[in-house]
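Here is what TrEMBL records for this protein:
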| type | residues | note |
| --- | --- | --- |
| ACT_SITE | Ser79 | active site, acyl-ester intermediate |
| ACT_SITE | Ser146 | active site |
| BINDING | Lys247 | substrate binding site |
| DOMAIN | 71-264 | domain 'Peptidase S11 D-alanyl-D-alanine carboxypeptidase A N-terminal' |
Amino acid sequence: MRNSYLAGILAALIVVLGVIQVVRPVGDPKLTADISSSGHISGTPPSLPWPSGVQADVGASSIGDLPQHGPTNAEPIGSMAKMMTAYLVLKAHPLSVGQNGPTLVVTPQDVSLYQQDAKTQQSVLPVVNGERVSELTLLEGLLVPSGNNAATMLAQWAGGSVAHFTAEMNAEAKALGMRHTHFNGPVGLNAGTVSTAADQITLARLIMKNPVIRQIVAMPEMQVPGPTPVAYNYNYLIGHGGVIGVKTGSTIDSGGCVVLAKDQTVNGRTVTVFSSVLGQPATSKNGQLWASLDVANALLQAASKDIRTHTVMQTGETVGYLKAPWQSPVSLVTAKSIQILGWSGLPYQVKLKAHLGNVHSLPAGTVVGTLTINTGSQHITVPVKTATALTPPSIAYRLTR
């Protein structure tokens, strides 16, 4: 009788323990990545006509930059500084295409500055005492004939003083991540105004998003007052080979400097490609500025031709696993392919993100997360789904775990 009683209790305990095992939580499946957090577009990086012994770089909007070539130290940039001058003026006093903006009256001091700059053979925008000149005209004079006096007039107007405006230039450079750039003024004539080819592409990429600047830097010439009614752009490449800007610089200290741009359409997508050269010396054929233009243009044209659409992830490619202790891992695959625009060898970053929730079974083809590829300003996200089903844990597993 006693044995029967104990057997009954034992049987009841077994049933209770079995029920507890069956209803006890089994834990959630875990998503495990099976892909590197970074990668490179397959293929050999483009072989570009890099200049010897001078600093150069190539980049493109939405794509990013190739590694800078040549010296990496900050160097004088001459009138390329006027890109930042124009950017800050328009940041303080925005214009839309077709607008002239506020009008400034040319003072005797402005005329004196113009005459002094012209006497020392600086690039200038001719001005006349009492003349009413618009913000747009001054910006054109800044970026087309590269008028040093226009830079000073704009800095005094937009910043209150040249010193305050210069401080704003350096603060903006820091905010933009231009770590190797320093401005000694809005003109660029001072050798203390320095930068790198990579930093200048960073700035050029930004200012070319402004339709007014984009329109101005594509002008081969502009009308000016005085006996010579036309002032020409120092960039003789404007309008040739698709070149649409951006800015030149040339002083004794800087050598020939330039950042060029052109629009390139690839499979229906248009990107702006940039090349930058600093410190180019004169050659047997050309002075330093023209030599820098020739070198930068060769880079620009070659880099533009090498931009392609690359498939970096195929549809159905395994990027991770869903792991549950009651069955073998379930492969997670991309629901779509991923294409990015760029050059062979261009780096990109990869991020796998789960959207699982509290689940213990899933049909095959269920979306459980996303995969994102990032490079430059390209951010392409595709769904990630289960390749096979995640089955619920069996009674046997629950009892024996």
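Residue positions begin at 1 at the first shown residue.
Every residue, even glycine, has its Cβ placed from backbone N, Cα and C.
Looking at the domain 'Peptidase S11 D-alanyl-D-alanine carboxypeptidase A N-terminal' (71-264) alone, the prediction's average pLDDT is 97.
Cβ environment of Ser79 (active site, acyl-ester intermediate): Ser123, Ser146, Asn148, Val187, Gly188, Leu189, Lys247, Thr248, Gly249, Ser250, Thr251 lie under 8 Å away, each six or more residues apart in the same chain. For the recorded positions Ser146, Lys247, counting C-beta atoms within 10 A of each C-beta gives the highest total at Lys247. Under DSSP, Ser79 (active site, acyl-ester intermediate) is assigned to a helix (H, G or I) in the three-state scheme.
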